[in-house]
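K.L.:
Dropping a structure here in structure tokens format, bear with me for questions.
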Amino acid sequence: MKPFDPRLLREVPATRAPIGLLAVAAAAQGAAAIALAFALARLVTDVVAQGNWERSALWALGAFVLRGVLGMFVDRMGAHTATAVSSALRRRVLSRWIEAPAEARPDAEEATTLAVQGAEAVEPYAARFLPALVAGVVVPVLAVGALVVVDPLSALIVVVTLPLLPLFAALIGRTTEDDTMGRWRALEQLAGHFGDVMRGLPTLVTYGRARRQVEVVRAVSDRHRMATMRTLRLAFLSSAALELLATISVAIVAVTVGLRLTHGSISLEVGLLAILLAPEAYWPIRRVGAEFHAAADGATAIDRLLAPTSCPAGTSRRAYGPNDDVPAGQEVEVVGVEYAYPGTETKVLDGVSLVATGPGLTVVTGPSGVGKTTLLDVIAGLRTPSNPPRISQVHYVTQRPFLPDGTLESALRLGAPTGRTTSDVWDALRRIGLWEFVAGLPDGLGTRIGDDGFGLSAGQRTRVALARALLSDAPVLLLDEPTAHLDGDAARTVVDVLRELAAKRRIIAVTHSPDLVAVSDEHVHLAPTFAELSS
Amino acid sequence: MTATTTARSPADLLSGVWGGLALTSGVALTATSGWLIVRASERPVILTLLTAIVAVRAFGMARPFFRHLERLRSHDTALADLATARTSVYAALIPLTPARLGRRSRSAVLTGVVDDLTDVVEAHVRVRVPVLSVIVATTFTALLTAALVPAAGAVVVGWVLSVIVIAAVGLRLERSSQPLLGAARAEVSRVAELVGRHTGELRAIGAEGDVVRDLDRAQRDLGTALRRQSRGRALVSGGVLALTGLATLAMASIAVGADISAGVAALLVVVPAALADALLPLADASRARARSEQSGSRVTALLDQDPALRATGTGTLATAAPHLRLEGVTAGWVDDRIDVGPVDLDLPPGRRLAIVGANGSGKSTLLAVLARALDPRSGRYLVDGRDVRTLDLDAVRDLLAIVDDEPHIFAADLRANLAVAQPDATDVDLVRALRVAGLGDWFDALPSGLETRLGSGGRGVSGGERARLSLARAVVSDRPVVLLDEPVAHLDHPTAAKVMRDVREATAGRTVVLVSHRPEGLDDVDDVLDLTPIHKD
């Protein structure tokens, strides 16, 4: 786990500008801290000398305000960078996910968790850790640089003691490493236990095991507390040791300054500057360590979000999907296609061919389980067979059409070109025979459908999906059992509409309906393969 | 909310004192060093500086020492409170499960509670202890400076009071941004899940562009919300520094005018800068406070609900094959709404029934009544002729095994995952259940058999295996009634069809109620109950 992975800038260009700006702002903020040390030293000297203190007081005020303003800017910029980085990573992983062929996608659960929680963990990393990291590099360098000019002896002391900090940290880390790793694993399990039994609560309630679990929760939480405290005690002790080390180093600077002051070999202002600048060399480094602890999740998430396995390369669409080479026509060319579900041997499709050019209506019939739906999946590009077909852009109305939670209108507009007006939507509903029904709803097109909304019957769902197909501008429409859930009148309306559509588009419909077969231009019948017959 | 999560533990006070002493040591260290350097520049006899040198050394060592004590104490207190809060919230959730956890994605609700509780309890470490520490350090600084020059004490008090005002404004800004931020985060998750779960369907209708646009819009809103939230923290961190500048200016003017030694003058000028380091963490404290308030109110809202079951009796049952009946049952999840009914249903032992219907027609509501998760609003639910409201809740639930669309796989071995349904089951029983549920081949391929760890950190389980494991639990439980709530909702068609075939095998001879909006498995039931209301189609 690296503090900063340059792959982020290389592979996600959208992150470059915000991260760059944030780094500059954090560096400027560090420079302001150095300027403040100069202003304060000058002010104390002037106050002690009863000299022209007003001017140096205004300088000090200015330095404070400058540091404050830059601090505000870093905070605001940090928030901006946090969303810019997490959004870019989330968008990248999700769009690659969409583009990948079904067979190459990782587990949906895992991908969603990574896109939601993983990308969110990047926010504190970008907002807090990155500025701390920049300050941790810039401020010590500036502080030592200033000391070299102002008081070389103090600079020497700082340069000699500064490396002790990381060295000491590494030593503490080394001696406790094995122990800590073991503890972290145990700790992770204990910490995960509560979430696990919480998510499993419905299961535990079902089988009457929940009440017994309360005592387990108490016992495990107590163990978690003790284990965490053991780990924390060590972490806090090493952090206290580092702070003490930094304090002692500053004290050494202060002692030499004090001695030289009593001898009169340096001026008061130089002495003050030395003891104000010296701590600036130490604390930013300790802060990097402290912030990294909180941002480690984000760093891990970035690693996983950039990993090639979470982002299968976008070979997808070009290879088999709607093909750009095919002119925007109505061509479908599936020749001798073979397909077996991932992890199985049996071919669902074995040498199936379907060629259609220009507008018209093709019906596909065949007994249940012969692979009619799989054929449509293949034509739609949802499944990748051994020899991918040549097809134009399609719109596919599945047997159980997908209607997202939301308003009826947003469901109807899904996949439609942006130019469609509300009257186009009403027109599509009228053609499919749903106008009266929707107009009769209290909220009309604004009616909410889905889990907590209005219930549509299976027939209504099918017709909403057909209306959506009318709104799309895809030259090829794939329909899986378009009339299955419809009564006589509705089914006749749908057949008429499909016939009408077939004048301009290529329609491929899987159906059992003789009415639809009767009006078709081409008829493909899929017979069971030998394997299916014998099983 | 339970008292435990909001109780102000006296241990916080002690942590606050340690933290305050650490901050005070820091202020004292800077102040004494300033005095020492100026005094040294006057070239006195070194011996006269000895006391101050010892003091500087002592303060330098005291700061990490007290900070260490504070951290140990505050984290230990917080973890102890977390343990108590988790235990009591868990116990409080049991009577609310499952009916009051929302209709969908209960596991997301429960995960939310875990995070919210952590936020609430973290307020100890992130809010109360820093604020107490600041109070201690400020009091000390005000007293010290007032003892040297009274006006300087007044400056410290005035300055810290202005910082408190700024912090209060910052807190208000943070608070007001919380709901917006929550909504924006929820929308981003919703779109991301939509993409993850419905990739195929979205691509089928060429809607990928639409959802990616939705994602961009949701992320833009999230960005706006986060930038808005950052105003609070930025105001506090910037405001504290600007006010410190003014305090330094005021101190310098007082130091110049007062009749004090040069060393004391230097001390006064550097004190505000030293105390500013103690005040800056208030910016983080106000954010943590706003967050924990929001999280706390979410947990409270969840726990403040009334259990969905009001009437339970003490009657016991002695039956291995219960006869279930619904007579004119209506039911609803919230008080003023009826989601289903009236329904009459007769389920003699061994009957297999499917409940179908459009979304929102009340399938799951009816199943929740049968599962004794929800009381009937009117009508009667009879088990062997006796009203369930007169019967012991556990006695009724012990008859029912439930297989839903979100079965949880515990982070434990396979044996424990199955035995949760029947602790007395032998290994032979468990393996038999796995085979009946269609997991025979899967089980045979496991390297460690029943000892194989599953769940997070263990072996991955596919959607179909998850559904079958849930089925295997129902088989192991040996309960006479199996209620299946959309068991294959998240599976593709071929897998769903195979799982439903195994369901039929696994539940042979038992009473089965299957709720589904999919065709798989509907062909081998005795009865189909269609709840779709008649719309004017």
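Note: Cβ is positioned from N, Cα and C throughout, glycine not excepted.
In TrEMBL, annotation is done automatically, which means it is predicted and not curated.
So TrEMBL lists the following for this protein:
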DOMAIN    B:13-291  domain 'ABC transmembrane type-1'
TRANSMEM  B:17-38  transmembrane segment
TRANSMEM  B:45-66  transmembrane segment
TRANSMEM  B:129-149  transmembrane segment
TRANSMEM  B:155-173  transmembrane segment
TRANSMEM  B:234-256  transmembrane segment
TRANSMEM  B:262-283  transmembrane segment
DOMAIN    B:324-534  domain 'ABC transporter'
K.L.:
Could you give the residue numbers and ranges of same-chain residues that sit at least 6 residues beyond the transmembrane segment (B:234-256) on either side and whose C-beta is under 8 angstroms from one of its C-beta atoms?
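P.N.:
Contacts with the transmembrane segment (B:234-256): 149, 151-152, 155-156, 159, 162-163, 166-167, 169-170, 173, 264-266, 268-269, 271-273, 275-276, 279-280, 282-283, 286.
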K.L.:
So if I exclude everything within five residues of the ends of the transmembrane segment (B:262-283), which remaining residues of that chain have a CB under 8 angstroms from its CBs? That is, six or more out.
P.N.:
23, 26-27, 29-32, 34-39, 42, 130-131, 133-134, 137-138, 141, 144-145, 148-149, 152, 156, 159-160, 163, 167, 170, 233, 236-237, 240-241, 244, 247-248, 251-252, 254-256
K.L.:
Where else in the chain does the transmembrane segment (B:129-149) make close Cβ contacts, counting only residues six or more beyond its ends and a cut-off under 8 Å?
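P.N.:
For the transmembrane segment (B:129-149), the sequence-distant neighbours (Cβ-Cβ under 8 Å, at least 6 residues beyond its ends) are 12-13, 15-17, 19-24, 26-28, 31, 70, 74, 155-157, 160, 254-255, 258, 260, 264, 267-268, 271, 275, 278-279, 281-282, 284-285.
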K.L.:
On average, what pLDDT score does this prediction assign to the domain 'ABC transporter' (B:324-534)?
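P.N.:
That stretch averages a pLDDT of 86.
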K.L.:
How about long-range neighbours of the transmembrane segment (B:45-66): same chain, 6 or more residues beyond its ends, C-beta under 8 Å?
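P.N.:
Non-local partners: 18-19, 21-22, 25-26, 28-29, 32-33, 35-36, 39.
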